Ligand SMILES: Nc1ncnc2c1ncn2[C@@H]1O[C@H](COP(=O)(O)OP(=O)(O)O)[C@@H](O)[C@H]1O
Ligand SMILES: [Mg+2]
C-alpha cells in the first residue's frame, strides 16, 4: 500500500526548519555585496577578507591550540578515569560524579573555574581555557569509553595475565585496543565541543587571548557581516568533515575488532 | 605434582568450595565433574590465580602457588569462552604468550608454526578469531595455552560450546594432544560421558565438595556416595538397610548386593540398567516383578521401564538391540549379587 504523500509533510517541514538557516548562511557567504541580507552576485571576496583578518587568524590559532591541547589531555585522563571506574571502584556515587561536568550548565562550570583559578592565584591566559575545556572534555571521554568498557569482556584481560603479561602490558596490548573506537569517538567529541565552546572560554580566557567564538561574538555585536557568514561556512565544512571521518573511523575500528 | 589441601571459598552466603583436597599426578588427564554451580570454575580460577581461597593451600611440585600472581604461574587456563583476542590474528594470539617470555623472534615463529600444525590450523594463521568456526576457535585457544608448555593446563568446559559431532571429534583430539605434549591436564566438565571418555581420573563435585575421586571404570562400577551413584550414568537406586546378602529394601524385601557395610547401616543399593536381566512371563525366578510401562528403542540398546508394586519410580532395564517385550507385559527382574552396589546413605 502506498503511503499518503501528506505524511511526509511534517518530516520535510522539520528538515526545512533545521537546515534553512544554514543553507541561507552558506549561500549568503558567497555574496559580492556588503549586506548579509540581500544577495547581489556570486563572489569569493569575503573569504579573501577573512584570510586577511588578523584578529580572526589569532582567534583561530588560539581555538586550535585549546581544542588540540584539551582533547589530548581529556582523552588520556578520561580514558584512565573510565578504566579506573570500571575496574577498580564499586562506588555508584563516584561513577555518577565522574560524568557530572558533562551535564553541568556551562555557566556553573565557568564561574566555578574562575573562582578556583582566583583562589589558586593562577593568571588567566590560553592555558586557563585549555584546562577548563579539559575538565568537561574529560567527562565526555570518560562517559563514552565507560560504555565500551562495560561491554568489554574481562576474560580477555584475564587471558592476557594468564599468558604471562603483567598489568601494564595487559592494559596496553589488550584493554586499550578494545577501547580504541570509544576513545576515538570521545576524542572527536571533546574536540568539536571545544572548538565552538563560548561561555566557559569567555569567562576563563585572558582578554588578550580570545578564542574564535569570542572573536566572532565581538564582531557580531556591531552587526553580522558576510565575512562572518564565510567563517561560519568554513566551520561548518570542518565539522562535517570531522563527523564523517569519525563515522568512517569507528566503522573501521569496529570491523577490525 | 599438584596438591590442593583444604581449599574453601565463599561468596556471600554461597559456599563455592568447602574444604576441597585433591592430589593430581604428573602427566595425568584429570577431570573435575559436577553439575553446574558446584564450584568447578572457582577451583580452576584459584589454580590460575584469578581468585583466592578463604583458606587452604595449593602447591605445585612442592612450591606454593597461591603467593604468586597469575602471570607468574607455570599454569595456563583455557577459558570457557575461549577469550581469544579479537584484534589479533590466530598466529598473533598464539604468539602472545611466548612474546611475553621475551623469547627470540625466530623461536617464537617456529614454536607457533609447530603448535598450529599440531592442532591443524596452519592455513588459518592469518585469520582473525571471528572468521573461524566454533571448533577452530577452540583449537586456537588450546594452541595458545599449550604453546607456553605449562606444567599444568586447566581447561574450563573446553567442549561445551561445540555441537555434538564436533565435540566427539575434539574429545579424541584433546586426548591425542595431551598424550603428545605430556602436559598434565585438568579439565572441568558437567558432562559425565565426556569426563569418562577423556580422563584418567575423575573427581566428582557436588555443592563445593569432593564426593569421590576415582578412575572412570571404578567410579562407574563402585560409586561410594549416593550423589555419585545418581549422577554418574543411569542407575536404579533402592533405599533400605544393609544386610548380609545385600539390602533390606523399604517395601520390596531383600535385594541381592555385595558390600562390606555393617548390617543395619542405612544404605542405597545401585544397579545399572544394563546389569538387570529381564524375563517375560510368570516363572517366579526374578527378584522383582512388575509390569512394563514403556519401551524405547535407541538403535544399539532398548530401554524398558518397569513399574514395580511398592516403588514409586519405575525400574529401568537396558537390553541389547530391539526387544520383543511390549508395554503391558508382566516381567520379572533379576541381577547378580556382584552387580548390586551398596552405598552408605
Ligand atoms: N565472583 C562471584 N561472586 C559471587 N558468586 C560467585 C562468584 N563466582 C562464583 N560464584 C558462585 O559460586 C558458585 C560456584 O560457581 P562456579 O565455580 O562458577 O560453578 P561451576 O563452574 O561448577 O558451574 C555458584 O553458586 C556461583 O553463583
Ligand atoms: Mg563453570
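The backbone N, Cα and C atoms fix where each Cβ goes, and this holds for glycine too.
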A:43-63, A:64-84 - the range that TrEMBL marks as transmembrane segment: A:64-84
Listed stretch, out of A:96-120, A:126-145, A:183-208, A:228-246, that has the most CB pairs under 8 angstroms to the transmembrane segment (A:64-84): A:126-145
Stretch-level contact, the transmembrane segment (A:7-30) and the transmembrane segment (A:228-246), CB cutoff 8 A, at least 3 pairs: yes
Stretch with greatest number of CB pairs under 8 Å, the transmembrane segment (A:183-208) reference, A:96-120, A:126-145, A:228-246 candidates: A:126-145
Beyond the flanks of the transmembrane segment (A:126-145) by 6 or more, those residues with Cβ under 8 Å of it: 62, 65-67, 69-71, 73-75, 77-79, 81-83, 85, 98-102, 104, 109-110, 113, 117, 179, 182-183, 185-187, 189-190, 193-194, 197, 200-201, 204-206, 209, 211
